[in-house]
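Noted in Swiss-Prot for the protein shown:
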type     : residues                   : note
MOD_RES  : Ser2                       : N-acetylserine
DOMAIN   : 22-101                     : domain 'GST N-terminal'
ACT_SITE : Cys32                      : active site, nucleophile
MOD_RES  : Lys57                      : N6-acetyllysine
BINDING  : Lys59, Val72, Glu85, Ser86 : glutathione binding site
DOMAIN   : 106-228                    : domain 'GST C-terminal'
MOD_RES  : Ser129                     : phosphoserine
MOD_RES  : Lys143                     : N6-acetyllysine
MOD_RES  : Lys148                     : N6-acetyllysine
MOD_RES  : Lys152                     : N6-acetyllysine
Amino acid sequence: MSGASARSLGKGSAPPGPVPEGQIRVYSMRFCPFAQRTLMVLKAKGIRHEIININLKNKPEWFFEKNPFGLVPVLENTQGHLITESVITCEYLDEAYPEKKLFPDDPYEKACQKMTFELFSKVPSLVTSFIRAKRKEDHPGIKEELKKEFSKLEEAMANKRTAFFGGNSLSMIDYLIWPWFQRLEALELNECIDHTPKLKLWMATMQEDPVASSHFIDAKTYRDYLSLYLQDSPEACDYGL
């Protein structure tokens, strides 16, 4: 089965056939923020695509031929070419399908987006540390670190004086960082942005974007998924289906 809401393929499953003509395939997982980056770029650019969900707690043997690390997202085109790593997949899509560019053409503006992305670079690992922290006493320290990182982004937004990180319209940088902001409420980390009014305004604007909002997962569903995932349950990736 394929599609955003299709059940995931696990150990013992048959590998999918060739990628349909005129499409590109993405190997994904419904709750993965890294895969969400790629899915949002596909949707924002209007690229016809096929979604194959992978059970990351019960990975199919054949999937390691697509990515030796066994991680999503992975892109596969009709030539059988494979592209891994979320940021690389997004940049590939922007160049391979140039009709609606998400990165700016101007080299300096593109460099500015990449520099802003570096300001965000510690956030995913800090969020993962928070999720995996076995002792509640460790949470305040991680939250303080997150507040520092969000302060850097608040300053960048203040200096930019635009609605989005790349200007007055949505662009690649906004999609690359959005999945982690979207999960703050579910993770009960909203307090980490209490001191960043411009970031909060940006988040409210992002929630109105049809591409960003199409990947909305309600807080309870996400928390229930996480509970199963942290128990290494093979049912985690298909939770709610």
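Positions of Cβ are set from backbone N, Cα and C atoms, glycine also.
Known features from Swiss-Prot, placed on the structure.
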residue	record	DSSP class
Cys32	active site, nucleophile	coil
Lys57	N6-acetyllysine	coil
Val72	glutathione binding site	coil
Glu85	glutathione binding site	coil
Ser129	phosphoserine	helix
Lys143	N6-acetyllysine	helix
Lys148	N6-acetyllysine	helix
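You'll find the Cα of Glu85 (glutathione binding site) roughly 19 Å from the Cα of Lys57 (N6-acetyllysine).
Fewest Cβ neighbours within 10 Å among the recorded positions Cys32, Val72: this applies to Cys32. Using CA atoms as reference points, the recorded positions Cys32, Lys59, Val72, Ser86 were checked against Lys152 (N6-acetyllysine), and the closest is Ser86.
Its Cβ placed at the centre, Ser129 (phosphoserine) has 15 other Cβ atoms within 10 Å.
Taking every pair among Lys59, Val72, Glu85, Ser86, the residues listed as contacting glutathione, the largest Cα to Cα separation comes to 19 Å. Taking Cβ-Cβ distances under 8 Å and a sequence separation of 6 or more, the neighbours of Ser86 (glutathione binding site) in its chain are Phe34, Ala35, Arg37, Thr38, Pro73, Leu176.
Taking a C-beta cut-off of under 8 angstroms and a sequence separation of 6 or more, Lys143 (N6-acetyllysine) has the following same-chain neighbours: Phe130, Leu189, Glu191, Cys192. Nearest in space to Lys57 (N6-acetyllysine), taking C-alpha to C-alpha distance over the recorded positions Val72, Ser129, Lys148, is Val72.
Secondary structure by DSSP for the domain 'GST C-terminal' (106-228): 88 helix, 2 strand, 33 coil. With the fewest other Cβ atoms inside 10 Å of its Cβ, the least crowded of the recorded positions Lys59, Lys152 in this structure is Lys152. A count of other CB atoms within 10 A of each Cβ picks out Lys57 as the most crowded of the modified residues Lys57, Lys148.
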